[in-house]
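Straight out of Swiss-Prot:
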type     : residues                                             : note
BINDING  : Asp13, Lys35, 62-71, Thr122, Arg182, Gln191, 211-212 : substrate binding site
ACT_SITE : Lys64                                                : active site, proton donor
Amino acid sequence: MSACQTPVIVALDFPTREAALRLADQLDPKLCRVKVGKELFTSCAADIVETLRHRGFEVFLDLKFHDIPNTTAMAVKAAAEMGVWMVNVHCSGGLRMMAACREVLEQRTGPQPLLIGVTVLTSMEREDLAGIGLDIDPQVQVLRLAALAGKAGMDGLVCSALEAQALKAAHPSLQLVTPGIRPAGSAQDDQRRILTPRQALDAGSDYLVIGRPISQAADPAKALAAVVAELA
């Protein structure tokens, strides 16, 4: 497998294997990793991960596990056995849940995926948090959950680029994975707390998840190359 040379992760947010592979076949695994989320994984199961890995891609399995500690840890173990490069869980599952996931990975031999915690979804603003009983600014909740993740030994966090600078300052060892990235001139779609790729890296993000600006471009390979050029 050729190691990816950029921080770009392209979201394969498609309902079918055929559609996902149609895009993947236009992308260079040296220029990006790929993200498999709930829709595609539910449709295709582990086969899509194996297929993408055979095409040379490192895979971020974005299923945001959130359950009791043992159940979540076993799901993370299963993901590791698929050979994924990165897997995530919801930090709101708590310290014991995240620590159980860390422990199960450390008990394995061989390569371990990066274990990433999800703080506050980038679609959520203060009014959304208030609706679920958290009448606080999203960044406050992000910092609370980040502290738990650090204590549990997580490798990093999924966060908005707008939270990246504060998180790097508070937790410099955590790798930051940022969705909601939109190259200049792109539509915001349903993401709210967004920055451009260059802005996100400058703010402290380590990996950038980009979906529709590449997947729905007339020429996805050209769109990916433009993002990589922006980061050079």
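Glycine too: its Cβ is placed from the backbone N, Cα and C atoms.
Quick caveat, the model's predicted, so the values are computed rather than measured.
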Let me know the DSSP-derived helix, strand or coil state of Pro69 (substrate binding site), please.
helix
With H, G and I counted as helix, E and B as strand and the rest as coil, say where DSSP puts Asp13 (substrate binding site).
coil
What is the number of other Cβ atoms found within 10 Å of the Cβ of Gly211 (substrate binding site)?
20
Please work out the number of neighbouring Cβ atoms within 10 Å of the Cβ of Thr122 (substrate binding site), leaving out its own Cβ.
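I get 24 for this one.
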How would DSSP class Lys64 (active site, proton donor) in three states?
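Looking at the DSSP assignment, Lys64 (active site, proton donor) belongs to a strand.
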Name, in the order they occur in the sequence, the residues of the same chain whose CB lies under 8 A from the CB of Asp13 (substrate binding site) and which sit 6 or more residues away.
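Result: Lys35, Gly37, Glu39, Leu40, Gly211, Arg212, Ser215.
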In sequence order, what residues of the same chain, 6+ apart, have a Cβ less than 8 Å from the Cβ of the residue listed as 'active site, proton donor'?
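The list for the residue listed as 'active site, proton donor' reads Lys38, Asn88, Val89, His90, Val118, given in order along the sequence.
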Under 8 Å Cβ to Cβ from Pro69 (substrate binding site), same chain, six or more residues apart: give me those in sequence order, or none if nothing qualifies.
Gly93, Arg96, Met97, Ala99, Ala100, Cys101
